Amino acid sequence: MTDQASNIYPEAAPAERIDGKAFATALRADVAEGSARFRAQAGRQPGLAVILVGDDPASQVYVKTKMRQAADAGITSFPHLLPGNTNQDELLQLIALLNGDDQVDGILVQLPLPAQIEEKAVIEAIDPAKDVDGFHPVNVGRLSTGQSALVPCTPLGCLLLLQDRLGDLSGKKAVVVGRSNIVGKPMGQLLLNAHCTVTTVHSRSQDLAAECRSADILVVAVGRAEMIDASYIKPGAIVLDVGINRIALEDGQSRLTGDVDFDAVSTVAGAVTPVPGGIGPMTVACLLRNTLSAAQARTAH
Ligand SMILES: NC(=O)C1=CN([C@@H]2O[C@H](COP(=O)(O)OP(=O)(O)OC[C@H]3O[C@@H](n4cnc5c(N)ncnc54)[C@H](OP(=O)(O)O)[C@@H]3O)[C@@H](O)[C@H]2O)C=CC1
Ligand SMILES: Nc1nc(=O)c2c([nH]1)NC[C@@H]1CN(c3ccc(C(=O)N[C@@H](CCC(=O)O)C(=O)O)cc3)C=[N+]21
């Protein structure tokens, strides 16, 4: 952080830290209530199948967190931990089995997958009604045409936080940094559906900082540690930091950091989400919310 960057608006009050972790805890309590009602009506708990191929330690941690929080929210999880050399046909056979299993309402295949498996083929094999990640082209199409859909968890978590703080988002200027299928694109779509004026920027954009400085709402999902400093921020803006970057420290340890330089941005913004404790926990809470929604929709007809 440069002195210049931290002092461009010296009169501003420091930004509020948005507690995504606490919000996610409240959201999981809502899901638990809904799951209990579902169980009373359907005679079973909502079910979530979680597939992990390989033994990447970070992915193992995420999968454990998801299963523990699912149990706490009254959702049964069905873990499928497959060896790293699993081939595509084996994975597709498992998905076909889960598509046909009435106890399973949601199917999550942890990404990234090993190189021998094509992500697109796997995503397209999942029954769209059980696609709790919202990555299937049917759900992507439904979201982009404003129909009810299973919506990707990370952008859904961002939207819920924004609506909690701002209520109606109509007419707000929103800038999304990043255009991945998982975060950036569905985020733009959700903000557009909520009547924001949306700009999506990426690695080929010109004058990224100027685009970002026009934003009342700035959502950052680039995967570059602390890239966004105070010079990207409009005074008073709400900044959501999706980035999860593990950086090595000198003592051999590591720490998690976002795509936003939290301290620098806090001198200018109105409110900022931290990493950890921001969007990450919201993602997992929204996965459980989507599982409950899928269970309700599957038993409604
Ligand atoms: N909190 C959570 O729950 C989750 C967090 N994440 C994290 O969010 C981050 C983004 O993830 P994801 O969307 O999957 O990442 P991707 O790598 O798929 O996409 C990154 C996007 O950022 C753009 N980009 C990269 N460098 C720059 C740059 N210098 N200037 C402008 N744009 C740039 C890329 O542009 P281009 O398209 O032109 O290449 C691309 O659109 C990661 O840190 C990831 O770990 C992801 C999912 C969930
Ligand atoms: N099919 C699929 N769906 C996903 O949603 C998906 C995925 N694959 N692959 C990986 C990414 C990443 N992701 C995160 C979820 C929670 C935290 C999270 O809870 N983070 C904690 C910190 C956890 C820690 O300390 O490591 C926090 O930010 O506070 C982070 C990242 C979901 N993803």
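Each Cβ is built from the backbone N, Cα and C atoms, and glycine gets one as well.
Annotated NADP(+) binding site per TrEMBL: Gly178, Arg179, Ser180, Ile244, in sequence order. What TrEMBL records for 18-133 is domain 'Tetrahydrofolate dehydrogenase/cyclohydrolase catalytic'. Annotation source TrEMBL lists domain 'Tetrahydrofolate dehydrogenase/cyclohydrolase NAD(P)-binding' at 152-297.
Recorded features from TrEMBL, shown on the structure.
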| residue | record | contacts (Cβ under 8 Å, 6+ apart) |
| --- | --- | --- |
| Gly178 | NADP(+) binding site | Gly184, Thr200, His202, Val220, Ala221, Val222, Gly223, Val242 |
| Arg179 | NADP(+) binding site | Lys185, Gly188, Thr200, His202 |
| Ser180 | NADP(+) binding site | Ala221 |
| Ile244 | NADP(+) binding site | Leu256, Gly258, Val275, Gly280 |
Practice item. Would you mind splitting the domain 'Tetrahydrofolate dehydrogenase/cyclohydrolase catalytic' (18-133) into helix, strand and coil residue counts from DSSP? Key: 61 helix, 18 strand, 37 coil
**Study point:** Max pairwise CA distance, angstrom, over record-listed NADP(+) binders Gly178, Arg179, Ser180, Ile244
**Key:** 16
Practice item. Summarise the domain 'Tetrahydrofolate dehydrogenase/cyclohydrolase NAD(P)-binding' (152-297) by DSSP state, stating how many residues are helix, strand and coil. Key: 57 helix, 30 strand, 59 coil
Exercise for review: Please list, in sequence order, those binding-site residues from Gly178, Arg179, Ser180 with the Cβ less than 6 Å from ligand 2.
Suggested key: none
